[in-house]
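Positions annotated as S-adenosyl-L-methionine binding site by TrEMBL: Ile3, Glu51, Asp77. As annotated by TrEMBL, domain 'Ribosomal RNA adenine methylase transferase N-terminal' applies to 8-203.
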Amino acid sequence: RFIACPQLARTVRRCLQRGAGPQPLLLEFAPGPGILTRSLLDAGFRVVALESNLDFLTDLQSLENSLDGQLKVIHGDFFRLDPLAKGALKPPAVSSDKLFETMGIAPVPWRADVPLKIFGIVPQQLERNRLWRLLFALYECSSIYRYGRVELNLLISEKEYTVLTAKPGKSKIYQALTVLAQLGYEIELLHKEPWSSFATNLKNGGLAIPKTVQVPNDHLCLVRLTPQQNLFTGGLKPSNASTFIFMVKQSLAKPKSRLTDRLNSWSLDNSETLLKALEIPKKASMHNLYPEDYKRLFEALQNSDMFAETLFHDEVLTSTRTMN
C-alpha cells in the first residue's frame, strides 16, 4: 500500500475542493495513517473513512473521537463491497446498503446530480480487476451505483490511465476496458504525481512500481470518473448491460480482426446491410471503432432477429463470478 506525502495531500485537497466554506460528504477508502484524511478534514470536508487494515484503524478512530462528527471511521474494504457470499458479512466485507444508510444517502434517479463523491488510492495489486469490477457495477447499476451517478476520484497507475483514455487504432492499448470506460464515464485527469512522492509499508521499504513496456508508468494519476448521464439512452439498459460488456470484450479479443468476420461468427446474415445503415466501412477492424460505434452496433443487433443474446450467456456468468 502506498502512503501519500503531505505535499500530495494538499494537491488532492485542491483538486477535490469546491470553493471556500463547508464541503460535501466524501467517502475515502484505504486512508491508511490518515495523511490525506487530515488534509480533507482541514478543508472542511465531512469524511467517512473506510479502512480494512487494523494497524491503521486505532489511530483513525482516535482522530474520529477528537472531532465533533466531521469524521466517521468504518472497518471495511471498498473493494469487498457486496460480495456474492451468502449470509452475514464479516468485516472487512461491507454491504453498500448498510454503508450508504450509515452515511444518510438515499438513492436518486440516474440523471440527477452526483449523490456522493468517493476518493482513494487503488491498490496496485489486481488494479485492472478492481477497475473492471467498478465497470460491471456501473453498467448494471449495482452496488454503489444503485444510489445514482456516484463520482469516483481515484489515484491509479499511469499505465491504466493510458489504457482508459486510448484512442481507436492503438491496437495494443485500445481495449474493451477503454471502450467501456469512455462510454460509461466522463474521464478527467486532475493531477499526475511521480512515484517518488509515496512512501510504502512494504517490509523492504521499496516502491512496488509495476513494470511496463508498451506505455509509460512513471506517475500515479488522480482521475475523476463521473458516470455519463446519457449512458442508458437508446437500447442499452442495466438489464442487458452484461451482454453489451461481453460483446465488446469478445470483439476486442482480436483487435485487428475485421468487423464483418466478427458479425459472421455471430451468425448474422445481413452484416453488410447493417454496416451500411450504421455508416461503418466494410473493412473496419475492431480496434478502429469508436466507443459510440460499439453502442450503436449493440443497439442495432438488439433489433436484429438474427442476433441471440445466448451467444454470450455462459461467458457473462463465468466472468461475473470471477469479478466477485
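Cβ atoms are placed via backbone N, Cα and C, with glycine included.
Automated prediction, rather than curation, is the source of TrEMBL annotations.
Since this is a predicted model, take the numbers as computed values, not measurements.
It is Glu51 that, of the binding-site residues Glu51, Asp77, has its Cβ surrounded by the most other Cβ atoms within 10 Å.
As a whole number, the greatest separation of Cα atoms within the S-adenosyl-L-methionine-binding residue list Ile3, Glu51, Asp77 is 17 Å.
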